[in-house]
Amino acid sequence: MTMEIFNQNNRKLISLIALILQTTSIVLVLRYSRTRKAEPYISSTAIVASEFLKGLICIILVWFETDCSLNRLIKKLHDEIYGKPHETLKLTIPSGLYAIQNNLLFIALSYLNAATYQVTYQLKILTTALCCVFMLGKKIEKHQWISLCMLALGVAFVTWPSSDEGNKRLSTQTPKSWLQQFIGLGAVLMATLTSGFAGVYFEKILKTGPTSVWVRNIQLAIFGTIFGLVIVYIFDYKAVMEKGFFQGYSTVVWIVIFLQAIGGLIIAAVIKYADNIIKGFATSLSIILSSAVSYFILNDFIPSLFFFIGAMLVITATFLYGWERKVKLIPLNDQKR
Ligand code: C5P
């Protein structure tokens, strides 16, 4: 029993550390890929490529689960995916919502400046918590709500541009009309809802059935690839026909695709072994970590006072959320004795 708990805690810790490292590294690689001069790639095709790759990696993981037997792998995939269509179809909801979310975020980025987009999107921390309460019946104490609000505010401060950066951004962007700002804000607010709902829906599916997390992710990847291809067809059919699906795919783009695919697996593991709220804390901490790497190693970021205040809020919120839990555990143990 102790060993079981140890393993469960270990998995939770490893998946959280992996998420912090993955989120940090993808930010840094993306930044590097943007600063290089290269032929542009079509982002909708990259989403399809990473969904497909995620599915392939999951198939390899299921192959390990079935003692590296090809026959057992085929039987398991047949039984779990083809043999249980009702269970498989459940995954159309989160994968459809994630496909919509990716497009909403694209619309939001086209109509809002990067800072408004990033700051507003942090509201997903609160929509996720609300979905946890209503869909999973999770109890969130008052101090934990305070820590969640502190976290959302902290990340908003951290992502707020320094005045120089902000001025540069504003001067290079054409002014947005109130209608464009309205559409952009509407899109990002919708994305905070899909993010919370899809994440918690996936958590509910993972935690209420015997199906392995990797099989669930294969089901998600199948629909993710299909929805992704539909989006390529609707928005980028002409460009793909002209220069091909893989146009502009350099090594860096492949690294981004690989990190994105691995990210999907890590998020699934975090949702399985921890939960969506803890995932929010891990990704918030990784924003601070990637900023530290930018400052100390890449020397391309100068933190503002806003950044320091935000970082303090995020770190305090993280301790506040976990610390209260431990205090609550003491009387429970005493009661058992
Ligand atoms: O912003 P948010 O945390 O909602 O983003 C979650 C991202 O993780 C989405 O882009 C989604 O496609 C991806 N994901 C995944 N596999 C999962 C769960 C989420 O690729 N099992």
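In case you wondered, yes, glycine gets a Cβ from its N, Cα and C as well.
Annotations in TrEMBL come from automatic prediction, not curation.
Listed features, source TrEMBL:
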- 12-30: transmembrane segment (TRANSMEM)
- 42-64: transmembrane segment (TRANSMEM)
- 144-162: transmembrane segment (TRANSMEM)
- 182-202: transmembrane segment (TRANSMEM)
- 214-235: transmembrane segment (TRANSMEM)
- 247-271: transmembrane segment (TRANSMEM)
- 278-298: transmembrane segment (TRANSMEM)
- 304-323: transmembrane segment (TRANSMEM)
(message) If contact means at least 3 Cβ pairs within less than 8 Å, sequence distance 6 or more, would you call the transmembrane segment (278-298) and the transmembrane segment (42-64) in contact?
(response) no
(message) Counting Cβ pairs closer than 8 Å, which of 12-30, 144-162, 182-202, 214-235 has the most of them with the transmembrane segment (247-271)?
(response) 12-30
(request) Take a look at 12-30, 42-64, 144-162, 182-202 and tell me which one has the most Cβ pairs under 8 Å to the transmembrane segment (214-235). (result) 42-64
(request) Go through the chain and flag residues at least 6 beyond the ends of the transmembrane segment (42-64) whose CB is under 8 A from any CB in it; none is fine as an answer. (result) 70, 73, 76-77, 102, 106, 212, 214-215, 217-218, 221-222, 224-225, 228-229, 231-232, 235-236, 239-240, 245-248, 253, 256-258, 260-262, 264-265
(request) Could you pull out which residues elsewhere in the chain have a CB under 8 Å from any CB of the transmembrane segment (12-30), counting only those six or more residues past its ends? (result) 252, 255-256, 259-260, 262-263, 266-267, 269-270, 272-274, 278-279, 282-283, 285-287, 289-290, 293-294, 298
